[in-house]
Structure formats: C-alpha cells, structure tokens
Amino acid sequence: MVNRTVEEILALKKQRNAIILAHNYQREEVQEIADFVGDSLELSRQATKVDCDVIVFCGVHFMAETAAILNPDKTVLLPEIDAGCPMADTVDVEELKRWIDRYPYAPIVSYVNTTAEVKALSYACCTSANAPQIVKAVPFSSIIFVPDKNLADWVKKHVPEKDIIAWNGFCPTHHMIKKEDIIRAKKAHPDALVVVHPECRPEVIELADHVASTSGMVRFARAASQKEFIIGTEVGLLYRLKKENPDKVFYPIKKTMICPNMKITTLESILTALKENQYVIKVPEDIRIKAYEAVQRMLTLIS
C-alpha cells in the first residue's frame, strides 16, 4: 500500500510540475519522498530556485506561509491545515501593535517561526542560525524580539550591547529539556558531544558543547571528528543525521522530544494534497509585500 501511495505521489508530482519540501522534523517516510529536506527558510529559498508550479510544504503553517511570501507566483500546498506552531501562536498581533506603541524606539526582529502578519510588522526576520548576527547588524540599540524568549536569551549573550525586549513565547518541545536531562545523558554517554538547539532553556544551553540550528547541527555532525553525539532537538532530525553519517552514533536527549504538529503529515495527506489541490496557502498581497521586505532585510544585513 505504501509503495502504491509513493508511486501515485511521484506520478502526480510530475504531472503537476510540483516539488515536495520536508522539514527536518518530518516523519522518516515523508523525508524520503521529499525533493529537499532542511529547515524552514532553507526550504523556502530553495523553492525560489526551482522551476516548478506547485510547492507541497511538509511542515507547519508558518513555513508554508514563508514559502508563499517568497514564491508569490507558485501554488503552495500545506497537506495538513491543522499543522500549527504553538510558539508562533503565542504572538497576538493586536498586543504586538501595543508593544510597537509602547516601545517606538525599538524595531521588531521576528524569528522566522512567526506568522506572515507578524513578519509584516517586523523590521527584519532572523533564523536560529543567524539571530545574533541580525540583532547586531540592526542599526538600533533596542530591539523587540519575538516570539522565543529562549532564543532571545541566547542572542543577549552574544550581543550584550543591545537592549532586547523579549516576547514571552517558547517552543514546548525544546522547552521540555531540563538541566537534569543533560546531566543524565552525559553520564550515560560520557564520550558524546552534547549539541542543542538555541530554543532550549538557558540552563540547558550552558551545559552544551555546541549550540546550533537544525541545519547547523547537520553541518557540525558532518565536519566533526567526534563519533558520538547527544542531540537536543526534535527527534525527527536524528533520521537525517544517521542517514548522512552512517559511521557516527546519535542519541536523543529525550525520546519524548516529539513535535505533534510536525508528525501530522503523512504520505496519504501528501497524496490528497496533490490530488485535491489542498490546502492552498495564500498571503494577502499587502501583508506579503511587507513580510517579504523583512525577510529580504535579513538577507541584506548578513550579506
């Protein structure tokens, strides 16, 4: 049945001139069928370089929105419309507008893990890989940083000269790692390097050997001479790490580090998306233009 589903997906993909993008946290079988696997911004940018009519984005809602922002002439499909992001959802747009009034001297730097509406209110966007670099490059001494308080704390450590006004959001999956989990994992695997995501709690980051985004973790594991790694991010990334580094061993800090929203998408929902042209993700043009400017400014600031 799985093989038949895969065959149907591949046939429809060819027929519709579509590409399938899968985030690093997706199910193994979804990663296997994807044309590209990566983090949200990498994937959206990849889509701009590929000659296609349809983008099937296997991820969560804000990621498909980002793809639509960067690819206005392409049809962007999100196979599971209920695949949301609790962290992105912490930002209430009306409350954010009140923050803009309260702190008129502080532009917004928004993590790409935000809605199109939030990006449209932002001076610049950032990723977990370039957040310190972006905040440092923004020509203002005070910054409103949304939505992740843990990433904001990580940025503060790298850019102490900036006043960072942080939104009180966090990723529930990364936030579940505690200091004790690191200590326990190190005790179980004393020869392994601990690599964690900057969305983790500050006390977890303090105990890590290396801090990186998912794409950064992939590069770090590939380049390191070390053979064992304890990975502090959603367990979906371990599939890619093991696949690309068969001679190395990867341990999850916690096997329960599963983002339920990232696991909703299945081969069946991808097939339905291509068959039924669902669910089309569109961003109103006035919002898209402003959000696009924030994403482009990020790229300009680090070029």
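For all residues, glycine too, the Cβ spot is worked out from N, Cα and C.
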Subject >> Which of Ser40, Ser142 belongs with His23, Tyr111, Val112, Asn113, Ser128, His197, Pro198, Glu199, Thr214 in the iminosuccinate site listed by Swiss-Prot >> reply: Ser40
**OP:** Pick the one from Cys171, Cys200 that Swiss-Prot also lists for the [4Fe-4S] cluster site with Cys85, Cys259.
**Re:** Cys171
**OP:** Compute the C-alpha separation of His23 (iminosuccinate binding site) from Cys171 ([4Fe-4S] cluster binding site), stating it in Å without decimals.
**Re:** 16
Original post:
How many neighbouring Cβ atoms, not counting its own, are there within 10 Å of the Cβ of Tyr111 (iminosuccinate binding site)?
Top reply: 29
**OP:** From the binding-site residues Tyr111, Asn113, His197, Glu199, pick the residue whose C-alpha lies nearest to the C-alpha of Cys85 ([4Fe-4S] cluster binding site).
**Re:** Asn113
Original post:
Tell me, by DSSP, whether Glu199 (iminosuccinate binding site) is helix, strand or coil?
Top reply: coil
